[in-house]
Amino acid sequence: MPESIIAGIPVHFPFEPYEVQRAFMEKVIICLRDGTNGVLESPTGTGKTLSLLCSSLAWIRTRQSEQQKQIRKLQDAANNTKVGPTGIVPGEAAELALTVGKANNWGVPKVIYASRTHSQLTQAMRELKRSAYAGMRSVVLGSRDQLCIHPEVMREQGNSNKVNMCKMRVHSKTCSFQLRVESKKDHPDFRGPSIMDIEDLVKVGQKLKMCPYFASKELVNDADITFMPYNYLLDPMARKANKIELSNTIVILDEAHNIEKICEESASVQIKSSDVAVAIEDVTHIMRIFTSADSQDFSGDEPKDFTLDDLTLLKEMLLELEKAIDGVVVDNLAEGTTYPASYMYELLAKANFTYGNCASIVALLDKLVQYLMVASQNNSSMIMRKGGSFLVLAELLTIVFANKEDIMAKVHRSFKVHVEVEEAKQNAGKPAPKQQQQGGWLGKGNNTSNSSSSNKAKVINFWCFNPGFGMEQLLNTQVRSVILTSGTLAPLKPLIAELAIPVAQHLENPHIVDQSQVYVKIIGTGPDRQQLISNFKNRDNPKYISSLGQTILNVSRIVPDGLLVFFPSYPMLNKCVDAWQTSGLWADIAAKKPIFLEPRGKDQFTTTMEEFYQAIRDSKGACFMAVCRGKVSEGLDFADRNGRAVIITGLPYPPLKDPKVILKRRYLEANRTKENQLLTGQEWYNLDATRAVNQAIGRVIRHRHDYGAILLCDSRFQDNSQVQQLSKWIRGHLGARPQCSPFGPIVRELRQFFRHAEETMEQPKERTDEPLLKNVYKTEAVTQENNEEKPLFKVKREPGQMATNAAAFKQANEMAIKVEMTNSIKSWTPDDYVSAAGRTQSHSQSKPPNAMDFMSRLDSNVSSIDFNSTGTGNLVKIHKRERSSPTFGDTKSSSQLKKRYKLVDNIKTEPSTSSSCKAPESRADFLREVRCFINQDEFRDFGKALLAYKNGGDEAFESLMSLLFKLLGKPQMRYLLLGIRRYLKNEHKAEFDKRVAT
């Protein structure tokens, strides 16, 4: 690889670095050389991550080389045994220096590379693998949730439960995987590869039957660079638990645009009345089994880590804490009441929680958690208690008393206590717990407006509004350098002021692309000349919502491939979707590009992204609607065809009346001076929204040869205060005095921009792997529950047939057979209803019946392909089916056409009374067929009943059954009624069969 001398250090880069990359690497090396801190901004797509890794590791390698020379010198001197004129033996002195140098690792710093999410860390490790520094030792630290391979631990729900179960098994020496770490940690399969990400660690762990979680920690001491999430560094409890040593370490915080919030959150904590109540119950429970004969069943003759006196004292303290919280007055039941920071210390002091005994109590709580886990494991008849309340209390004490007594004046300025009423958890059909019957906190959920606040359960929030606390704790660990970097850090001065760290190097890089590769416009009015402004007063305006939809529709006709649309919030996204469905705009947009909505669930998110990336390969592309600050806007890669344009529909301001937002603004106003250059409360409020916009914009234009459009569809973007907070490279495209442009000229310019780009820019090759998402399918076969199935059809593409697309067909086939949960019923999406009404043009392949295909895939935005083509060569024709009259004959005809295709033999079909009529196997075809037999109102009721059944229980099932027999009870529709059986939850199928039989 080419070598460049940057700041005196030879740096090997995969190609000749661009000027912005050279400037960035120079700043990094200067920080490392001088032991100073840096704040460096470089737009997404400028090779920031690669520049970070190459420059920092080049400096490390140079230092290692220098130290090797020093070692050789000392070794040569150690071999010289002649006595000098002073009587000192040089060899002995050199040998001593050699020993001391090795013990101190020769003073060569190590790199800790931290980012917000593990997907971002995975991307960084990919960059490292393709660099000249792939041979340097690296390791990634992950959570038990990602790395644990013990089947019983992985069955636990929730990360905290997995942590406790793991600790219990390690403590009791019952985890064979962890016990095997010591004997397998030097195995070539584990020590051989220099770079192993999370997936690699899990594979090696499974192969060697060795715990990847604990094994990864064995690599830290020898690693030149360690990858980890932010919270491992900034959270004091996580840092302690993972035994992270930061002395003489280079800390790189990538994607640091949210670093202030992360620092504030790491120093904040919350405890609820119910947490204290459960802790009291758990202590009482331990005292009971501690003194009973049954305790011998799981404790044996080993000395216990605590005494009955310890438990008695802790229970007394918890009862006093409950009493103290009971006495807290909440003046405003709706919004809560704010107290100064000293109130938290006074509250804890009433229960005798102090600086003096904090450490010993936290240690006791940790022992009690382990005790409960062992007790529950060894006595299956006991109620499973996992000590979650003890962990909450331990976190509270650790964070509150982490602030030393000598800085209490600063604590009082930077922290606030906010008390809210705790909402009751509804346990329908279950008897009230004992604590509730006795009037304890678990029973204080009947929060009526006329009851006094002292009779209510409380939520005590200890909030930090000064991110400098988190950074100060980091600097106090004697790190060598801290480098903050992101594509959206500006303005830098307020950021540096808030973090309160000395910064010697700062940088705002321009973008790497030419002006001709980016089209940026502010769209102030829609095609109907309605003003586009997503403020509080206008967001419910039907005319505005309609105009915004028309704008997106017109843009979707012009933009090739992927179109991203970001909304200020989920409620605004849902409001627009509902309105556009009703008006028909949704179907019009979907006809141009299949629409995908950002889901909130982790599993659904991965699946949706895979389907979107696949749909991009269709000639029409796809449209993804997401939310600023959501998962899509934070770190995902929409390079090249995946994202040719991004539409920002509004400014995502934080909730104005949120207590935390109010208190943050007050903190800034109270502590702002000319010297510290803090923002005003209003400036911070505006900047918080604009940074989220900058981050969303950064999803497109991901490399030097990429191109795309950025459309800001809110007239407020022309305000000078908003423009100045946009990234520097975007401001350059808007000009000195940005103004809203008329919609007509924008459409013409946008069309010309893409026509010119497609003619002059290098077009990307077809990608074989999708960014940050695991390739979960195989070309030849897919394994599902130990059954292998080969693709049923082969698809050919002929020139000129835009409707026929092999990749789209492949997507539909493979996504249909990829099932993550065997009994999962997910949300209906707007596309399902549009498809059922026959208004979309893109369909996905029908596949053989599968007990999970319909309901478990309801969150998919990929419609179905109907195989009605009578042409040769097994070509699949994607067509638009017109609404036909609701006659049984039409349905039968469609069914006959489908019989041309042979299904696999081992698929079970549902019982039917008719040999000629079967319910369609495809979700969309099933909905479409139901739609043919019932009217619009009945179909709406049908959809609502299914949505209710998704999260409901027996009552929702009864409602669904009543409606199904009403709508589909006629003889000619019986096959549809029977066909829905395979989409029911397992516990309801027997009852369904019984009712159908009668």
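The chain as shown is numbered from 1 upward.
A Cβ is built for glycine as well, from the same backbone N, Cα and C atoms used for every other residue.
Worth saying up front: this structure is predicted, and the values here are computed from it rather than measured.
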_Tell me which of 114-117, 254-257, 534-537, 654-657 corresponds to the motif 'DEAH box' entry in Swiss-Prot._
254-257
*By CA-CA distance, flag whichever of S42, P43, K48 among the binding-site residues is nearest to C166 ([4Fe-4S] cluster binding site).*
K48
*asked:* Let me check the 10 A CB neighbour count of C166 ([4Fe-4S] cluster binding site). How many other CB atoms are there?
replied: 24
*asked:* I want to check the contact list for G45 (ATP binding site): same chain, sequence separation of six or more, C-beta distance under 8 angstroms. What comes out?
replied: G487, H511, I512, V513, A639, G698, I701, R702, H703, R704, D706
*Counting each residue once, how many in the motif 'DEAH box' (254-257) are helix, strand and coil under DSSP?*
2 helix, 0 strand, 2 coil
*Helix, strand or coil at C148 ([4Fe-4S] cluster binding site), per DSSP?*
coil
*In angstrom units, rounded to an integer, how far apart are the Cα atoms of T46 (ATP binding site) and C148 ([4Fe-4S] cluster binding site)?*
36
*Which has the fewest other Cβ atoms within 10 Å: T44, T46, C175, C211, the binding-site residues listed?*
C175
_If you count, for each of the binding-site residues S42, T49, the other Cβ atoms lying within 10 Å of its Cβ, which residue has the minimum?_
T49
_Name them in sequence order: residues not among S42, P43, T44, G45, T46, G47, K48, T49 whose Cβ is within 8 Å of the mean position of the Cβ atoms defining the ATP site._
S51, G487, N509, I512
